[in-house]
Amino acid sequence: MGLSRVRAVFFDLDNTLIDTAGASRRGMLEVIKLLQSKYHYKEEAEVICDKVQVKLSKECFHPYSTCITDVRTSHWEEAIQETKGGADNRKLAEECYFLWKSTRLQHMTLEEDVKAMLTELRKEVRLLLLTNGDRQTQREKIEACACQSYFDAIVVGGEQKEEKPAPSIFYHCCDLLGVQPGDCVMVGDTLETDIQGGLNAGLKATVWINKSGGVPLTSSPMPHYMVSSVLELPALLQSIDCKVSMSV
């Protein structure tokens, strides 16, 4: 780490600032209710949702040749067909997808204490939101949680040539804020993208949001710092700056 003070903080979005996993679970529960009450599915409803969750976790598509709506509707269509058999049911798949999507967006919110933290931090440093993912999906989340006003810039991986952990997207973020990599801290919950990316780009520090309290594998990227909640960040940044003051 360099000896300059922190001038900018890059934040991941999903499961760092907003509870994307929790919102997705709420969406799945609504779909289960729909399938059981309207279509009289029984345990198959949960099986279908479990299958979709697996497909989402393995999702891979080219954003310039494929529409995310089509891709995710197909996840539901395939899961229904695999579970129930018979002919494909695109209409039901669309109903499930849009219910899941709308429900989870409703529950993607910035908590009041997170808003307060961002507001206070921005008085001292520049803030940037750096999120991987499909452009449409991530922009919908950003709109849903109304976080735009808390950041000096927002960068969506799906709109760039490369996503995290490629160093190029971090350099782009630095250019937007007029800072050097050694001035910046990356905060996120994913070792393979947020932390590895910050290390690749030579940022001042990386902060891993480790909500589960698990220990990183020896083969995993090693963050400079680890906290259980993003709300611990202000105190950590003060500590980092204090170390700089003592070193110069």
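Counting starts with 1 at the first residue shown.
Every residue, even glycine, has its Cβ placed from backbone N, Cα and C.
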For this session: Among Asp183, Asp189, indicate the single residue that Swiss-Prot lists for the Mg(2+) site containing Asp12, Asp14.
Result: Asp189
For this session: Check Swiss-Prot: it lists Leu13, Asp14, Thr131, Asn132 as binding phosphate. Then name which of Lys51, Lys91, Lys164 it lists for that same site.
Result: Lys164
Exercise. Given Asn132 (phosphate binding site) and Asp12 (Mg(2+) binding site), what distance in Å do their CA atoms have, once rounded to a whole number?
Worked result: 8
Problem set entry | Alpha-carbon distance [Thr131 (phosphate binding site); Asp12 (Mg(2+) binding site)] in Å | 5
Seminar exercise, completed: Same-chain neighbours of the phosphate site, Cβ within 8 Å of the mean position of the Cβ atoms of Leu13, Asp14, Thr131, Asn132, Lys164 and not counting those residues, run in sequence order as Asp12, Thr16, Leu130, Gly133, Gln138, Val156, Gly157, Gly188, Thr193, Asp194
